[in-house]
Amino acid sequence: MAKPLWLSLILFIIPVALAVGVDQSKNEVKAQNYFGSINISNANVKQCVWFAMKEYNKESEDKYVFLVDKILHAKLQITDRMEYQIDVQISRSNCKKPLNNTENCIPQKKPELEKKMSCSFLVGALPWNGEFNLLSKECKDV
């Protein structure tokens, strides 16, 4: 016999309610699960890196597209969404902007155009809805 729909909903909502709390006095969401390391090969991490780089390249004034060389570290925190803190190493590619497809791009080989950076991105995500927001980014030359 099938479970009633309401029972399934309750069983789904309880863990979510336990994971996130609201401070009524300040009317803001508090993290119940503080940043913890996660595997850099996690599918959601890869989606967030793709999104962060798309935003980075859109906002960058550089003439060339930057690509991820390596994902260095990833952390996850659960609030009213999933927040991913991701550290990456990126480099300038041989592809000029604007560009929608980076499949044929490779890191820049000309010494005068080579540039590597270390970046930390904070991405808010509801991956099951396809919703991503770049909450912060910090990059420095390597």
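Glycine is no exception: its Cβ is also placed from the backbone N, Cα and C atoms.
These numbers come from a predicted model, not from an experiment.
The signal peptide annotation in Swiss-Prot covers 1-19. As annotated by Swiss-Prot, N-linked glycosylation site applies to Asn39, Asn100, with the evidence given as sequence analysis. The motif 'Secondary area of contact' annotation in Swiss-Prot covers 77-81. Annotated disulfide bond per Swiss-Prot: Cys95-Cys105, Cys119-Cys139, in sequence order.
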Practice problem: Pop the Cα-Cα gap between Asn39 (N-linked glycosylation site) and Cys95 (disulfide bond) into the table, whole Å please. | Solution: 30
Self-check item: Alpha-carbon distance [Asn100 (N-linked glycosylation site); Cys119 (disulfide bond)] in Å
Solution: 21
Quiz item: CB neighbours of Cys105 (disulfide bond) within 10 A?
Solution: 17
Practice problem: For each of the glycosylation sites (Asn39, Asn100), count the other CB atoms lying within 10 A of its CB, then report the residue with the highest count. | Solution: Asn39
Exercise. For Cys95 (disulfide bond), just count the other CB atoms lying within 10 A of its CB, please.
Key: 20
